[in-house]
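TrEMBL annotations:
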type     : residues : note
DOMAIN   : 11-447   : domain 'Major facilitator superfamily (MFS) profile'
REGION   : 489-509  : region 'Disordered'
TRANSMEM : 12-33    : transmembrane segment
TRANSMEM : 53-75    : transmembrane segment
TRANSMEM : 82-103   : transmembrane segment
TRANSMEM : 109-126  : transmembrane segment
TRANSMEM : 138-164  : transmembrane segment
TRANSMEM : 170-191  : transmembrane segment
TRANSMEM : 261-291  : transmembrane segment
TRANSMEM : 297-318  : transmembrane segment
TRANSMEM : 325-344  : transmembrane segment
TRANSMEM : 356-374  : transmembrane segment
TRANSMEM : 395-417  : transmembrane segment
TRANSMEM : 423-443  : transmembrane segment
Amino acid sequence: MPKLTRELVSICWVLGVGGYTYGYCFACFVTILGQPGFYISMGLDRTSVIGAANALFTFGAACGAIAQGFVADWLGRKKGMAIAAVLATVGGALAAGSVNIAMIITVRIIQGVGAGMVICLVPLYLAETAPPKRRGFLSGLTVLAFGFGYEACAFISVGSYFATDHVLQWRLPLALACTSPLLLICLLPLIPESPRYLIWKGHAEVANDVLRRLHRDPDDPSDSMAIAEFVQISQQVEHDKEMRAAYYDIFKKPSWRKRALLVMFLLFASQSTGILAIANFLVLILGGLGFTGVLPILMFGIWSLVGSVGVLISIVIVDRVGRRVLLLSGYGALACILLAEAVLEWKYLGTDDQAGLSACLLFLFFYILAYQAVDAPSFIWATEVWPTTLRAKGVSLMFFAYFVGAITYTTPGALMIKNIGWHIYLLYMSLCIVSGTIVYFFIPETKGLPMEELAALFGDQVMVRLTADAHEVLKNDVVEVEHVEMQAPASRGSGKADIGASRRAEGVA
């Protein structure tokens, strides 16, 4: 498996700030639900407008997801992230300065638009810059980063809980949501534009130079692997960009429509596990289990931290075991855990049996660990299966489905927990069984394949294939093999590759 270059590691750090931004922006309202000062300042009870506030942030995120499909194709992946960061900063500042609940709900829409754009663009960019055999790990860093955002917000809220000023208790966590998008704006000039986007827009030499810097291997002094990738991407993008790529065109072509339906299913299904409904209202759930004071917020932070451990395990092994194995095992484990949680809460909720209540809490921790076998692979698979010319819009559709799922399950979440209690876990268990069945029959494996070769899984033409070691271009599947070499050693910094043999072999030179 190829080593990560210094440039790729730097990109991961910068894009990690983007993932963190979404996680923190999302979690900052979750944690203030445990701040007494918030209810005092706004004159609220604990369920009156919680669903509306979460739903409107998610509505804004869904709008941002669709908007970035146009922005990322028009202005580029980097400028799209800059615009998203500005919106997240403005929304965060206005939320922190809100004077009533109506204002905070309204401006959370703006913050949601920015967060929705950034969470689309981070995995998109990482997928487009990652080597094929490292793509799962790098794309999955998105999930790890926004998990860190959750945890940072939770532990900051634990500290602010002890503030004597009840206004500071909840305004401080909201205000700090502005810091990471501002940092992202400052760091974006340090990373290159996506090489696939550069090739699509006609900047082939720049793209070749970027690919060689990002995918340089000390054991490959001629950079043959990076140059072979460049040849493959160039030929495939040249073929793909001849076709219209509007949103409605995606649903007209069968192979594109199949991708769209599957990625929308995967991301909606990830919400059908109950993750956001449980995460959003975990503070309330823990209150029902007997936790009081600062403990629900503290436990939320620990719960999120355990989830990040699960993410790390998932993304480390996803390029070895594959996306399907993790998805199927994750849905199976979730169904069992949700059933156990329902039985435990049925038996012990409302009692003073500390052992039983502790078991309820333990299975909530098992739940977040098992969920990570579903979450990261869903993001990875749904991002990588699109052609370059459609990827921004495809990612828009996948996250639109993600946020629609979030609205579906979080809007009534507080009332469902209040009115039907443990029965809610049986609903999510049933949905996990349905989702796992669909994954088994319809989701193909994608590990280790260059993104351009994934087209064959959906019936599209693959213009150029690479050999197993990815150092050579394989033509017509197994008919002709060529070694791609530099024109001269001096061209290492120029970004020029000798692709004449490639074109002659196709009869287009």
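Along the chain as shown, the residues are counted starting at 1.
Every residue, even glycine, has its Cβ placed from backbone N, Cα and C.
Curation plays no part in TrEMBL annotations; they are all automatic predictions.
Contact between the transmembrane segment (297-318) and the transmembrane segment (170-191) does not hold: fewer than three of their C-beta pairs are under 8 Å, each pair 6 or more apart in sequence. Across 82-103, 170-191, 356-374, stretch 82-103 shows the highest tally of CB pairs under 8 A with the transmembrane segment (53-75). Same-chain neighbours of the transmembrane segment (261-291): 30-31, 33-34, 46-47, 50, 54, 150, 297, 299-300, 303-304, 331, 334, 338, 349, 352, 357, 360-361, 364, 367, 371, 374-375, 378, 381-382, 385, 394, 397-402, 404-406, 408-410, 413-414, 416-417, 424-425, 427-428, 431-432, 434-435, 438-439, 442-443, counting only residues six or more beyond its ends whose CB sits under 8 Å from a CB of the stretch. Residues 273-274, 314, 317-318, 356, 359-360, 363-364, 366-367, 370-374, 376-378, 381, 422-423, 425-426, 428-429, 432-433, 435-436, 439-440, 443 of the same chain lie 6+ residues outside the transmembrane segment (325-344) yet bring a C-beta within less than 8 angstroms of a C-beta in it. Only residues 6 or more beyond the boundaries of the transmembrane segment (12-33), in the same chain, are considered here, and those with a CB under 8 A from a CB of the stretch are 4, 46, 50, 53-54, 57, 81, 84-85, 88, 91-92, 95, 108, 111-112, 114-116, 118-119, 121-122, 125-126, 138, 141-150, 152-154, 156-157, 169-170, 173-174, 176-177, 180-181, 183-184, 187-188, 190-191, 279-284, 297, 300, 304.
Taken together, the residues in the domain 'Major facilitator superfamily (MFS) profile' (11-447) have a mean pLDDT of 89 on the 0 to 100 scale.
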